[in-house]
Amino acid sequence: MAPLLEEEENYVRLALLLKGVSPRAVRTYFDREFPPTNLPSTLNTNYNTICALKSDRVLNRAQWNLLFPANGVPDSTTFDVTLMICLIRNLTSVAQPINGFNSLPPSVETTPGADLARIKWYRNILAHHDSNKMATADFNTAWSIISDAVSRLGGQPINKECQELKVKILDQSNQEIMLEIKQIQKEMEELRLVLKDPIPWKIRGILYHIDIQNRVIEQNNCKYSKNNKSYILGQIQEELETWIEDDKMFIETNGTKSVMNYIKENGCVVVTGSSGIGKSSLVRHVALQIQDGGYDILPVADPDEIIKWYNPSKKILFVVDDFCGTYTINSMKFERWKTLMGRIKTLVEKKPVKVIMSCRLQVYKDEKMKSLSFYQSCECNLLSEDLRLSKTEKLSIAELHLKTNASKIKEMYDIFDCFPLLCQLYSKNTNLRLVDFFKNPFTVYKEEIDKLQTEGAHVKYCALALCVMFNNRLKEEWLTEDVDKDIKTVIKNTYEACKVLKGTSKLVLRDELDSLTHTFIRKDGEVYRTFHDKLFDFLAFYFGSVMICCIINNASSDFISERFLFQKEIKSDEFIITVPEQYQQMYINRLIDDWLRGKVVDVFCNTNMDDQIFRQRFLLHIKGLEISQQKQLASLHDKHDSYSTPLSCCCYIGDTDMVTWCLNHCISNVNHCQNDEIGVLFFACETGHTEAVQMLINNKADINKCRAGKSPLYIACQKGHAEVVHMLIINKADINKCKDTGKSPLYIACQKGHTEVVQMLITNKADINKCKDTGKSPFYIACEKGHTEVVQMLIINKADIYKCKDTGKSPLYIACEKGHTEVVQMLINNKADINKCKDTGKSPFYIACQKGYTEVVQMLINDKADINKCRNTGSSPLSIACQKGNTEVVQMLINNNADINKCRDRGLSPLFIACEKGHTKVVQFLINNKADINKCDDKEVSPLFCACLEGHTEVVQMLINNKADINKCKVTGSSPLYIACQMGNTEVVQMLINNKADINKCKDTGSSPLFIACQEGHTEVVQILINNKADINKCMRTGETPIFIACYKGHTKIVELLLKHRADNNLKCQGLTPLDIARRKKHTNIVRILQKHK
């Protein structure tokens, strides 16, 4: 077998460490927490907790069977690392790392929980590593972190294993691991080729989508066949493959970079702009870039899917096209986005979730959208001065699509916002007149379509009309298979309107659609659509003008709902269809027909329903119908949404005349509920339509009917509808009725800062100290949110100012954590316990120092906060301020006599931590104030050593200037110079040598600074050491010389350097000379060099 390359060897060593050594370390710690003799009883005691983990899909069936085997008792030797870490996390009191178990902890955090997180992190890195190689710098960093972690967990025997594994020569059995790895990678490559994917297909992404579909299937209790699952997976894969193919024609712009930066920093972005400007292409391009960072892409249509498919263990990027509506705002979608906005914001803030959305400006600028504050704060407008396409960017787009023709239309780049789309459309149909097309594209298209009719291409003309009739979703099966009566009627009537010969086969129609696929039409799977939404807007307007009767009578109900206006508004879209006076009654009759067919939502979400004059005319028409028909209409519910009744829709609109009509003709709907028990009154309270609420109450609506514990009063308090709240209270609503999580109406009003509502609830005897499940009181949440007026109101009304949440956080603590200065002062003035700590021992003063809120810190010092009060780990306020680099806070603490040498666990002093983090100003300030410059941690690591390790040059110089012990070694014998040589920090190495560092001081294994520099391949460092008389033949205890290790590692330049300075190339290690090991490792250049020096 050919020997391994160095980078391959790095990979194998790390795999052996993570797959071989780390499981034994974790099991050693696991057995301390769960003694094997007590394991069965411990698992039985925690049965309910383990059940919950299984329900939440944290544990799978195989793991469950290991914990509760059908025969015998559980045995920890059968548990893998993932299962052991899961049990330690959930069944023991192990402290969670600062950044959680799913992030790499900072180096100063060395608790067992942090070490388990490190192992979990790097096992995941290895599992997703794309090759069988690892760069030496990456390897050294990973090795240091992992070996330290497993040594702490597993003790001295494990530590010894790590040291031996790092330097031992890999034999045949070890190299066989690499064969398996290479074979797996070969199989993966073959799989990629089978999938015909132009980029490496994210297998985990596919598996995740399978998991999603399985969950949906389980939730709906359906029995899907394997074929259906394959079809669903194929649809997802096909969509992403289309994105990847389309992305080849994408031009990077300033807008692209801004959107990318925004979503990386904020987690959510709404890309806005006019149709055709390139929103969807940009969104998909950015999504594919984010995917390369380890995210799974999941296209969704509504916010419920984000909630449903959220998985805390996965990094997911949700992609939403036409958020809140395609052509106009979709009222029902809007309400869902509004209702779930808080939950989506919370998911985004948790980091694994990102959301990128597109939205037409005409929808985004709708007055209603202003209430979506979270999404409004995430906008990237592609038409703004900063992000609009530059001349250079437009030229690049034109050249990509038009090639040499790009120069012919330079003067027309700025006529239309949709310039990128025009370039794309023209490239699909180059028979069009170039200049005319870019001057007035839709006039050219109109002429082209008119020609179809005049030149007898009636079937082709009809094909385009049918795309409009079915609202841009014309299914191929409707043209090839038997279909229901309604679809047949639409096709027949459209045939007649387009003058298609009677008896023309639908297969001919399909052929004509196929012939249009490179000009007007594209085919998505089995559905025909226009090439772009902007083109559909034009077609809708065109056919809505030339065959309006056919469109009104036959187009889909959602098309009728969003594309027509009785009165055209000044700011309405250019392609909105205005209904002429002579067709308005026909249009109203069509709405009644849709209503009778169960299209209740489409009728009441009609764009014309925003106009009171239209609503009055519509209602007048309804009242003119037979009473029996009116009762029938009032009692119907939407065929796709049984909750949506005419009454619920009218309550949403807030039209009292229509609500009255509904109640007069179907009073039974007043308490009609959705599956989740949301009633009409709840909806009216949520939207704040006071008169509608009063009418429902008068008609005996259930005033305390809840949805997941949310009562009508609760939702009115949440939304801040003070009049509605007052109305509900005087009608005996249960003022203390809580939702399932324990939140009361007063709690949510305090959380939202609705002062008037809070006062109203208190006046009516709301329980002022009623806490939610986590122990948060209304007073606590008001302090957390910084609502000073609400806080003052609660204090005046005797709220419990000391009441803590379950983790021990007090109202003062959370106000300090959030930096709400006014609230902190208010609490101090009212005698809050200034030193009350949370469960981890963090005081309000500690958290203020950690966050760097200088004003709050000074306020607490003035009120005699304990300046040296440490948390449970021994970390003092000064220590955490030094760690975070909060220079002003450090100065304030020292000026107020904080203990400058107070150490936390492991003996870390404030100076040590500041040196490790490289906070030069803090270091200088501590030194100036007589901090102990040589105070080491429990392993005798000095501040200087730590600064050398991290490569903080300025800090190193500062410590040397102040007489730090330059040769102080840690317990393993590593000196500051040794670690600087190991890390390759040439500037630091030179600095230490200039200040008389012992150049030949070895660590316990006998490794000298020169040896480690040779091993790591740091040529410049080797040169510096040789120039300064380092012992060039100094051996390790195991016999390796610097030249031996350089030959072993294949560092040619270093070998030449050592030989030049008379290194002994005949000294043997384990019977091998440097030449022998170079031959064995196949380093042919080094072999030739050594042979010349025989």
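The backbone N, Cα and C atoms fix where each Cβ goes, glycine too.
TrEMBL lists 36-176 with the feature domain 'DZIP3-like HEPN'. The coiled coil annotation in TrEMBL covers 167-194. For 250-403, the entry in TrEMBL reads domain 'Novel STAND NTPase 3'. The feature repeat 'ANK' is assigned by TrEMBL to 708-740, 741-773, 774-806, 807-839, 840-872, 873-905, 906-938, 939-971, 972-1004, 1005-1033, 1038-1070.
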For the repeat 'ANK' (807-839), distant same-chain residues with Cβ under 8 A (at least six beyond the ends):
774-775, 777, 779-780, 783-786, 788, 791-792, 795, 801, 845-848, 851, 853, 855-856, 859-860, 863-866, 869, 871
Positions on the same chain near the repeat 'ANK' (972-1004), where near means CB under 8 A and six or more residues out:
140, 939, 942, 944-945, 948-949, 951, 953, 956-957, 960, 966, 1010-1013, 1016, 1018, 1020-1021, 1024-1025, 1028-1031, 1034
Can you break down the repeat 'ANK' (1038-1070) into helix, strand and coil residue counts using DSSP?
17 helix, 1 strand, 15 coil
Long-range Cβ neighbours of the repeat 'ANK' (873-905) (under 8 Å; 6 or more residues past either end):
108, 111, 840-841, 843, 845-846, 849-852, 854, 857-858, 861, 867, 911, 913-914, 917, 919, 921-922, 925-926, 929-932, 935, 937
Sequence-remote contacts (6 or more beyond its ends) of the repeat 'ANK' (708-740), Cβ cut-off under 8 Å?
676-677, 679, 681-682, 684-686, 688, 690, 693-694, 697, 746-749, 752, 754, 756-757, 760-761, 764-767, 770, 772
Give the residue counts of the repeat 'ANK' (873-905) per reduced DSSP state, in the order helix, strand, coil.
18 helix, 0 strand, 15 coil
What does DSSP give as the helix, strand and coil breakdown of the repeat 'ANK' (774-806)?
17 helix, 0 strand, 16 coil
How does the repeat 'ANK' (741-773) divide up by DSSP, counting helix, then strand, then coil residues?
17 helix, 0 strand, 16 coil
